[in-house]
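Here's the structure, in structure tokens; my notes come after.
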Amino acid sequence: MRCTRQKEKILEYLQATTVHPTAEQVYESVRSSLPRISRGTVYRNLEKLCRKGEAIELYIGGRVSRYDARTAGHGHLCCRSCGLVADVDIPFDHTFHEEVVGRTGFKVNGSAVQFNGVCPACQKKEQKVKKEARQ
């Protein structure tokens, strides 16, 4: 992939953030330094970065995709209430891929570990609502 200024800025932003931004958030952030960049350019470059393995696209249950430049083995915690996406460092067993390939012959290009649930802050809110409802 040709290394353009737009691609560099998009990748720089992804590498500097921990919020797992949407394409729209990437666009808004990069636009501050590249005011003439279009949404289409951002979307195309995100797609290329993911295809090349420099970023990953996170599909979070019915929500807008998020992006992450941290591609090394880690998982994601996804809150179904507030939409929070957070990294979680977990030991990654590479024999799992070998097992899948051995059993199926499928060529594995990548995989993702995603834990869906409710974050501590939303759990507190839910408990408070339940408590108030009982009163």
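Positions of Cβ are set from backbone N, Cα and C atoms, glycine also.
Any TrEMBL annotation is an automated prediction that lacks curation.
Sequence annotations record features per position, and here TrEMBL assigns Zn(2+) binding site to CYS79, CYS82, CYS119, CYS122.
Fewest other C-beta atoms within 10 Å: among the binding-site residues CYS79, CYS82, CYS119, CYS122, that description fits CYS82. Note: the Zn(2+) site is recorded as CYS79, CYS82, CYS119, CYS122; in the same chain, ARG80, SER81, GLY83, LEU84, VAL118, PRO120, ALA121, GLN123 also have Cβ atoms within 8 Å of that site's Cβ centroid.
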